[in-house]
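Trainee: Pasting the feature list from TrEMBL:
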DOMAIN    7-374  domain 'Amino acid transporter transmembrane'
TRANSMEM  101-128  transmembrane segment
TRANSMEM  194-215  transmembrane segment
TRANSMEM  231-252  transmembrane segment
TRANSMEM  294-311  transmembrane segment
TRANSMEM  317-339  transmembrane segment
TRANSMEM  351-373  transmembrane segment
Amino acid sequence: MDSWYPDPVNGKRNYSYMQAVKVYLGGTMQVICGSIVYGKLAGITVGYTITSSISLAAIESIVCVHRKGHEADCSSSYNPYMISFGTLQIFLSQIPNFHELTWISTVAAITSFGYVFIAIALCFNVIISGNGASTSITGIKIGPELSLETKVWRIMSSMGNIALACTYATVIYDIMDTLKSHPSENKQMKKANVIGVSTMTMIFLLCSCLGYAAFGDHTPGNIFAGFHEPYWLVVIGDICIVIHMIGAYQVMGQPFFRFIEMGANIMWPISNFINKEHPISLCGVTINLNLFRLIWRTIFVILGTTLAMAMPFFNQILALLGAIGFGPLVVFFPIQMHIAQKGIRPMSLRWCALQCLNCVCFLVSLAAVVASIHEISKNLHKFKIFAYKQ
């Protein structure tokens with residue numbers, strides 16, 4: 001948080017994560033950080049496309065089961081939903097910059113609370129009705145249905161899923177850049193972080209615990225997949241997830257868009273194709289159309305949607321994305337910036353403790369990356385690409 005300003009009171013602002021890394025750690029580290037940051041942001045949009053398609057397919061399945069009964073074949077392909085989601089994102093991606101996303105991020109935040117409270121209510125109902133599953137602190141027992149090797153792979157992969165919750169760290173600078181200067185941004189965000197992150201952590205932790213208490217070892221990746229009644233409430237929960245994913249896609253995608261477009265502007269500053277805005281009147285509203293933005297953002301969304309259709313493996317993709325970003329972005333770079341800013345002496349007790357934390361988190365990330373790739377590889381051999389159904 002303090003790295004937003006080299007001096008929290010009077011210092012010059014750092015407008016992006018990469019800029020802060022450059023100020024404290026130099027240009028080489030900035031390049032390494034940027035590769036990870038923007039690669040992860042691009043990858044997360046693929047994960048969000050998969051997530052939304054799963055919820056849309058679940059809505060169709062729930063309605064089908066409600067109308068035709070549990071014996072009916074209600075499986076469906078994710079592809080039409082991914083294409084529909086991608087088409088919508090092509091239009092939303094033409095929003096010029098992050099500053100104009102307030103309404104989208106507000107709706108996304110509201111719906112995130114909506115689906116988690118619905119999930120909590122549904123799980124709590126299962127538990128108090130006496131239908132909760134048998135659980136243990138160590139999870140699934142090793143036996144005929146589960147080998148020790150498979151359990152270890154799953155544990156390591158789950159670390160990546162948990163690490164994905166730290167994605168917020170990579171976009172906090174871009175969010176802060178949208179705030180007004182009175183009161184100062186660092187004061188606003190410190191208070192917002194304490195309230196927002198603490199609240200969401202407690203709520204989602206409660207949801208996770210209740211989900212495990214309700215389903216035990218068979219807890220689904222999408223918690224709503226475990227419910228069919230009341231079908232209307234489950235449908236509302238999945239709709240909230242879809243709306244949240246629509247907004248979250250843009251919140252994560254816009255910093256990546258801005259990075260590419262700023263780079264293109266620096267390389268070709270006099271190119272009309274890249275820099276010129278073309279005002280177009282549509283239904284009484286004037287829209288500024290930039291040809292480079294239109295073409296490259298459209299291509300990006302299409303490529304991401306195609307990749308999601310090829311590998312629609314929800315838990316494993318999210319685990320991989322979380323694992324890639326956790327060690328370097330959430331732990332290593334912030335710690336190194338903190339050491340540089342505070343002038344912590346090498347080999348001092350505090351310096352050693354921070355470096356030990358770096359090493360531990362690096363090993364966690366590495367284990368989760370390996371496990372996620374292993375699980376994705378298994379799924380690719382098990383299912384036909386572009387023909388996944390559920």
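Heads up, the Cβ atoms here are built off N, Cα and C, so glycines get one too.
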Trainee: In the same chain, who gets a Cβ under 8 Å from the transmembrane segment (194-215) while lying at least 6 residues past its ends?
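Mentor: Beyond its ends, the transmembrane segment (194-215) has Cβ neighbours at 112-113, 116-117, 119-120, 122-124, 126-127, 131-133, 135, 165, 168, 223, 226.
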Trainee: Against which stretches of its own chain does the transmembrane segment (101-128) lie, if we need a Cβ under 8 Å and a gap of at least six residues from its ends?
Mentor: 92, 95, 178, 200, 203-204, 206-207, 210-211, 213-215, 223-224, 227, 233-234, 236-238, 240-241, 243-244, 246-248, 250-251, 254
